[in-house]
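Report on the following structure.
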Amino acid sequence: MIDVVVFFFLLGLFARLVRSELKLPEALYETLSIYLLLAIGLKGGIELSKQPLATLAPEVAALAAMGFLIPVGLYPLLRLLRLSGVDAAALGAHYGSVSVVTFAVAQTALARANLPLEAQAPLWVAVLEAPGLLAGILLARLSAARDASGPPRWGELAHDVLFGKSVLLLVGGIVIGAVAGEAGTAPIKAVFIDPFKGVLALFLLELGLVAGGRLGDVRRFGFAVLLVGIGAPLLLSGVGAATGLLLGLGTGGVAMLATLAASASYIAAPTAMRIAVPQANAALSITAALGITFPFNIVIGIPLYIELARRLHP
Amino acid sequence: MIDVVVFFFLLGLFARLVRSELKLPEALYETLSIYLLLAIGLKGGIELSKQPLATLAPEVAALAAMGFLIPVGLYPLLRLLRLSGVDAAALGAHYGSVSVVTFAVAQTALARANLPLEAQAPLWVAVLEAPGLLAGILLARLSAARDASGPPRWGELAHDVLFGKSVLLLVGGIVIGAVAGEAGTAPIKAVFIDPFKGVLALFLLELGLVAGGRLGDVRRFGFAVLLVGIGAPLLLSGVGAATGLLLGLGTGGVAMLATLAASASYIAAPTAMRIAVPQANAALSITAALGITFPFNIVIGIPLYIELARRLHP
Amino acid sequence: MIDVVVFFFLLGLFARLVRSELKLPEALYETLSIYLLLAIGLKGGIELSKQPLATLAPEVAALAAMGFLIPVGLYPLLRLLRLSGVDAAALGAHYGSVSVVTFAVAQTALARANLPLEAQAPLWVAVLEAPGLLAGILLARLSAARDASGPPRWGELAHDVLFGKSVLLLVGGIVIGAVAGEAGTAPIKAVFIDPFKGVLALFLLELGLVAGGRLGDVRRFGFAVLLVGIGAPLLLSGVGAATGLLLGLGTGGVAMLATLAASASYIAAPTAMRIAVPQANAALSITAALGITFPFNIVIGIPLYIELARRLHP
Amino acid sequence: MNTPLHTHPRTLLVIVAEAALEKPLVRDARARGVQGWTVSEVHGRFFEGEREGAWEADRTIELKLLCDRATAEALASEVLARYAPHYSVAMYFTPAEVLRPERF
Amino acid sequence: MNTPLHTHPRTLLVIVAEAALEKPLVRDARARGVQGWTVSEVHGRFFEGEREGAWEADRTIELKLLCDRATAEALASEVLARYAPHYSVAMYFTPAEVLRPERF
Amino acid sequence: MNTPLHTHPRTLLVIVAEAALEKPLVRDARARGVQGWTVSEVHGRFFEGEREGAWEADRTIELKLLCDRATAEALASEVLARYAPHYSVAMYFTPAEVLRPERF
Ligand SMILES: Nc1ncnc2c1ncn2[C@@H]1O[C@H](COP(=O)(O)O)[C@@H](O)[C@H]1O
Ligand SMILES: Nc1ncnc2c1ncn2[C@@H]1O[C@H](COP(=O)(O)O)[C@@H](O)[C@H]1O
Ligand SMILES: Nc1ncnc2c1ncn2[C@@H]1O[C@H](COP(=O)(O)O)[C@@H](O)[C@H]1O
Ligand code: NA
Ligand code: NA
Ligand code: NA
């Protein structure tokens with residue numbers, strides 16, 4: 001049985017496809033995304049406070065490498081589809097980075113499937129945010145001989161990612177959860193833990209609306225974008241699962257890494273690419289990431305990746 | 001004892017009457033209205049999932065007819081009050097359509113009175129949204145010989161109502177609730193079910209502010225608007241109750257149909273009339289619907305209609 | 001162990017200090033502040049409904065006097081620090097009035113410390129809102145010989161404070177809570193009582209961001225502002241505690257009055273001063289009140305004042 | 001440091017109206033060949049007017065259309081005839097200059 | 001397709017100021033006979049200024065007043081004298097033309 | 001009732017662009033000596049354009065810079081060269097007059 005939060009996504013998608021004027025206020029969208037990041041972080045932090053801290057260094061290193069290598073690996077494949085160099089680089093960056101909402105949906109799917117997930121999983125999201133963007137920008141620089149906009153401002157970029165909303169709230173939540181622990185966070189449970197799935201449902205309604213708005217562009221970019229939007233996550237889920245097995249994660253962890261690898265960033269990546277690689281076609285990337293890959297993962301991909309993890313992980 | 005949510009309405013009314021600068025942000029207002037529609041739909045859907053689906057066709061037909069006939073019936077009465085043709089038509093449209101918040105308040109009043117309500121009641125709201133608007137527009141066309149703005153765009157209008165926020169979220173919520181059922185929706189209960197009354201209280205605070213802002217206009221339109229604002233709901237509650245009896249509903253259902261008939265739309269109707277019947281005096285309609293009828297129903301009407309249903313329905 | 005809500009404040013502070021682009025939407029900020037005021041009022045009202053109404057008149061009189069006298073007492077001290085007359089008057093007004101969020105944090109701190117608080121405490125906040133502003137404006141008038149902007153519009157000012165957001169929602173909440181009582185408000189508990197601390201945490205995140213933005217100005221105003229921002233609350237907490245003892249309050253009440261006296265308004269006061277005393281340096285006041293005193297009270301002051309109350313109150 | 005730029009005169013037509021008119025006004029502008037539009041949410045009042053924004057129509061928009069003078073005038077006349085009798089509409093023209101004439 | 005429209009010259013006075021001034025500015029405009037006003041919420045900064053928006057006053061508004069030149073000038077002088085010494089205020093005039101002279 | 005005010009001519013440069021450009025545009029303006037800026041959130045569309053706002057870039061801003069003509073022209077040329085090829089940018093100049101010449 002499909003998870004109830006996915007129905008909200010489908011409702012949003014439907015609303016947009018029938019051209020409904022339904023629209024969530026922008027402030028609500030921003031509030032929901034702040035909430036989700038904090039809540040995911042907090043929950044992870046509380047779990048971490050209950051157990052001896054695993055040595056995270058190998059995980060962090062492996063995931064950073066994975067995030068960086070995804071755009072590098074996708075680049076030649078995307079070029080085969082006749083994408084320009086900068087477009088291939090920018091699109092790759094979206095897949096090297098991750099989608100927090102996809103993480104949240106996978107988390108609830110794992111809970112429903114009774115597959116335990118490593119406590120530090122929210123940290124993975126934080127680690128995976130940046131390396132893919134970095135690789136994408138480097139690839140774009142290498143592919144574009146001359147560039148009107150001058151050398152990238154690396155310092156600024158690093159700052160924007162590290163102290164950007166996502167990483168800051170995720171890591172902030174983790175630290176608060178870990179320091180305050182289960183008892184210390186009990187008084188805020190009624191806001192940050194209990195309503196989590198309901199809030200996720202609302203957020204998916206909004207994302208259905210936004211993703212639906214992108215579907216119209218699929219026709220414009222044709223078959224290539226469809227191929228990328230479905231092919232890339234399928235391919236990358238294998239990469240993620242392999243990384244998870246290598247790191248010795250449990251079934252839940254393997255499924256989650258498969259999901260994260262397969263997910264494409266539709267917030268951090270578009271913003272970063274717009275500034276650092278303005279020549280790239282932003283609409284193309286966002287159509288693939290948000291119009292195709294995101295719905296695919298939410299509705300079809302996640303159950304698939306869980307199944308994959310189960311098979312790979314006896 | 002008056003329901004606590006009504007106190008919030010009175011607080012908002014008071015704040016506006018003493019010219020307080022208290023104001024709820026527009027994004028909050030929009031969020032609350034999206035929430036209420038979804039929550040009402042979901043709750044109805046969950047109830048529907050528990051019981052064999054009644055044959056809804058007769059109800060749908062009877063209610064659509066009722067919604068359509070209300071403006072037709074009100075038209076000559078309003079003309080007697082010396083309203084112009086277009087004004088009578090537009091004002092009638094407001095009463096042919098319904099107010100979702102009035103529904104929500106009636107729902108909680110029925111629960112307090114231990115009167116069970118038919119599971120499909122949220123569907124009634126959805127069905128009643130459009131027919132009254134349609135009738136109002138037709139009446140306005142008939143009454144206005146020539147019209148600068150050309151023939152109404154019926155297709156567009158139908159689309160706007162059917163896929164407008166209210167119907168879409170109500171019906172979307174009903175479908176999700178019915179398909180996912182009690183178990184499937186359990187994880188989002190903490191958002192969509194438990195806080196319902198508290199959120200309704202906040203919404204009523206806002207509506208108190210808005211309705212209070214309209215009260216000032218009552219003087220401008222004088223006695224006629226007062227007569228309409230109180231007389232129309234009293235009259236129409238009888239029509240609604242009769243329809244409910246005809247359909248064989250229980251006491252709760254009869255009271256609810258009385259309430260719905262007595263309630264006036266202050267969102268869908270003003271918007272639709274502004275576009276389709278711009279010659280009509282928008283301030284007049286909104287003063288009656290939101291400045292008088294809404295407060296009247298919330299504070300006095302609903303208990304009255306419940307009492308009426310109890311008497312009519314042994 | 002530090003309260004979890006304080007961590008959120010520190011996270012906001014940190015985010016701003018590292019120049020993160022994290023920002024809560026303005027509508028959320030407004031919503032949270034409306035919520036807090038209503039919830040604090042409601043809770044107080046419910047408590048009041050459970051016990052015979054104490055004679056509040058002496059408390060009201062004593063607190064109004066305290067609020068009025070704080071700016072008067074601070075004025076010569078601030079002049080010693082070489083502040084201009086209008087600046088000393090305006091800054092004093094901020095300390096004569098109070099901070100609702102500081103009240104909320106103190107309330108949860110008292111609950112954690114198992115110190116009961118008088119049911120009418122939210123009323124204190126409402127009473128303390130205005131007198132300090134009044135005194136500040138009078139002092140400014142006396143100190144500024146000529147004034148381009150003409151005589152103050154006292155009526156308007158009184159109206160703006162009395163029917164301003166804070167007093168209206170606090171008193172509104174108290175009245176609703178008192179009239180509806182524990183049973184009547186039970187259906188809205190899931191919104192106004194249970195999530196209170198979580199919402200407060202979110203609000204503190206926002207205030208951390210805002211306060212952090214003010215810290216940068218500390219350098220501009222130098223040592224004097226630091227001295228005021230920390231010295232004033234320490235001094236005034238004594239005044240508040242003494243008033244509490246005089247009124248015969250319990251340990252919790254004494255600690256709370258110490259906190260309220262020590263807290264500085266950063267919403268009502270800046271707005272009122274901007275209109276009534278425009279010659280005063282707004283940035284100076286806000287830097288002291290929000291950039292220094294608020295964080296000081298949240299992190300260090302409140303535990304201190306509780307300790308003080310314990311020592312004073314055997 | 002620059003030689004004077006070559007600019008092209010255009011007219012900015014500003015329409016302040018109730019929000020319900022956004023869709024139809026943009027449609028009309030497009031039909032007359034205006035190549036783009038910009039909308040801001042505003043609030044305001046016409047002090048002495050008899051008409052007054054209704055509840056949902058309390059929202060007011062400011063629509064800016066940059067185009068040539070003839071188009072602006074034609075559009076303004078149309079708006080005056082079609083909407084001004086029943087809707088809140090304030091309009092004015094402002095001179096403007098652009099660099100890329102093909103776009104405006 | 002249209003013969004040139006007959007338009008009437010007016011002045012648009014734009015005042016960018018801290019939000020606390022909205023009420024008094026509108027009051028002053030009305031007192032001088034301006035018939036309407038439009039406000040947008042904006043943000044911005046005056047780089048080299050010594051004054052700087054305070055916490056609640058961080059909100060900035062842009063007030064537009066369409067009226068005749070003399071009224072605009074009188075109002076601007078008044079604003080300069082009364083508010084500019086203590087408040088954040090930037091002001092400018094822009095030429096405008098209107099169709100319905102009785103309304104502006 | 002007033003003698004005519006002495007005003008100083010300036011140019012208002014209006015830039016409607018995707019929100020991602022706010023920071024760089026303000027930086028560029030400042031570098032050229034513009035003394036302040038005002039931004040409003042708007043929405044809009046360029047009908048026939050091939051480029052189109054992306055997801056987060058769907059947000060559009062209107063940046064107003066009041067300065068002398070030469071600065072406005074230099075800035076506009078720079079924006080045209082540097083951003084227009086890859087970003088959504090619409091620009092126009094409007095004449096303006098100010099009272100305090102040292103501030104603009
Ligand atoms: N003289 C004016 N100056 C600036 N804005 C105006 C003026 N007159 C009207 N407006 C704006 O135009 C809108 C519609 O005007 P009206 O059609 O008179 O209701 C009002 O809500 C105001 O925002
Ligand atoms: N040169 C300028 N161009 C555009 N807007 C300006 C300019 N100077 C000041 N402003 C705006 O006017 C507001 C008030 O200016 P000030 O009084 O200098 O603080 C600022 O917050 C800016 O939004
Ligand atoms: N003719 C026009 N009139 C008013 N606004 C325009 C016009 N053309 C473009 N714009 C605005 O400028 C923005 C950027 O334009 P573009 O670079 O063509 O995408 C659009 O989103 C519109 O808001
Ligand atoms: Na990925
Ligand atoms: Na009705
Ligand atoms: Na105080």
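Using the three backbone atoms N, Cα and C, a Cβ is placed for every residue, glycine included.
Feature annotation from TrEMBL assigns transmembrane segment to B:60-78 (among others). Tertiary proximity for the transmembrane segment (B:60-78) is limited to same-chain residues at least six positions away from its ends with a CB under 8 Å from its CB atoms, namely 87-89, 91-93, 95-98, 123-124, 127-128, 130-132, 134-136, 139, 228, 232, 236, 239-240, 243, 246-247, 257, 261.
The transmembrane segment annotation in TrEMBL covers B:90-109 (among others).
What TrEMBL records for B:121-140 (among others) is transmembrane segment.
Counting only same-chain residues 6+ beyond the ends of the transmembrane segment (B:161-180), those with a CB under 8 A from a CB of the stretch are 33-34, 37-49, 100, 122-123, 125-126, 129-130, 133, 267-268, 272. What TrEMBL lists as transmembrane segment is B:161-180 (among others).
According to TrEMBL, the transmembrane segment annotation covers B:186-209 (among others).
Marked as transmembrane segment by TrEMBL: B:221-239 (among others).
What TrEMBL records for B:245-269 (among others) is transmembrane segment.
Non-local neighbours of the transmembrane segment (B:281-306) in the same chain are 2, 6, 9-10, 13, 83, 87, 90-91, 93-95, 99, 101-102, 105-106, 109-110, 113, 115, 204, 207-208, 210-211, 214-215, 217-218, 220-221, 225-226, 228-230, 232-234, 237, 240-241, 255, 258-259, 262-266, 269-270, 273-274; each lies 6+ residues outside the stretch with a CB under 8 Å from one of its CB atoms. Under the heading transmembrane segment, TrEMBL lists B:281-306 (among others).
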When counting Cβ pairs under 8 Å to the transmembrane segment (B:186-209), the leader among B:90-109, B:121-140, B:221-239, B:245-269: B:90-109
Stretch of maximal Cβ-Cβ contact with the transmembrane segment (B:245-269) [cut-off: under 8 Å; candidates B:90-109, B:121-140, B:221-239]: B:90-109
